[in-house]
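> Sharing a structure with you now.
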Amino acid sequence: MVMKLPYLGSCLFLVFFSLVSIVASGSGKGLPILSFDEGYNQLFGDDNLVIHRDGKAVHLSLNERTGSGFVSQDLYLHGYFSASIKLPADYTAGVVVAFYMSNGDMFEKNHDEIDFEFLGNIRGKNWRIQTNIYGNGSTSAGREERYNLWFDPADDFHHYTVLWTASHIIFYVDNIPIREFKRTAEMGGDFPSKPMSLYATIWDGSDWATNGGKYRVNYKYAPYVAEFSDLVLHGCAVDPIEFSSKRCDSMQSWEQLTTSMTPSQRSKMDSFRRKHMTYSYCYDQTRYKVAPAECVINPREAERLKKFDPVTFGGGRHHHGKRHHHMRASRSEADSI
């Protein structure tokens, strides 16, 4: 478990070496797994949060009464954050499971956020993943991407990871990078740069999660249970009262080393995105006539998305206004890649 501010120098020294090896391998193997009591507190949900395996696993459930969630005990400025997650099976339309970082409780008007959101579906159709990034309260400019997966995430546990540095964010699924997001000068303060807590929640997103709200949560299939295990919090923990983003400036040396993927990782990410990405804000011509400044346009991604949805990604006429939800409604074949 990382130490707090009085020992921040040694903490950063340890983080430096471990994150270099993490990025090189794409894996957090060897990092300490915290029990629930060591690293987390219940956020909401009363009995809908159940701890298993002596604190090494947590079940979050959603029923007609409430959803549930937990939050890290510490705030973190950069690091490696991951969990193995098994999602609910069968009819899950309207259900949202989220694994994300945020400081919205401390910065209501200029919060930062890094999201994994899992969006349920009707029977016979798999869950979809949405990633999103906000910085400095930039919620009017959602940076969503959505993907299908090469497996059924309700069949077994799969590993989901966020790697966050001062200049770079990488999302991983089963140690395969699926998205990288680089800080650019044009973004100004829109890159997440303030300490955040890690959250995990399950809740009713019927108004938007499945086909724009066409299919809603059906509580005859409740409770919906999301299972979490192998919880890793590995980063720069900061004091919640006296924290300052400058406290971690000495991490810059490893920041420079952790911003590059290996050729193998980049090849796998490019393959994943060509095969499985179904939406990216960078290519959405109904929202942006000119792509936001931080976007790096990949012609192969653009061509695939244009074929997938020529109206959204090809600039064609839009007969029915398409809504893209980038705010939560509430807070309370890997081998082929």
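Going from the start of the chain as shown, residues are counted 1 onward.
Glycine is no exception: its Cβ is also placed from the backbone N, Cα and C atoms.
Automatic prediction, not curation, is the source of TrEMBL annotations.
Pasting the feature list from TrEMBL:
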SIGNAL    1-28  signal peptide
DOMAIN    26-228  domain 'GH16'
ACT_SITE  Glu113  active site, nucleophile
ACT_SITE  Glu117  active site, proton donor
REGION    313-337  region 'Disordered'
COMPBIAS  316-329  compositional bias 'Basic residues'
> Counting every protein chain present, what is the number of Cβ atoms, excluding its own, within 10 Å of the Cβ of Glu113 (active site, nucleophile)?
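Around the Cβ of Glu113 (active site, nucleophile), 22 other Cβ atoms lie within 10 Å.
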> What mean pLDDT does the predicted model reach across the domain 'GH16' (26-228)?
94
> What is the number of other Cβ atoms found within 10 Å of the Cβ of the residue listed as 'active site, proton donor'?
20
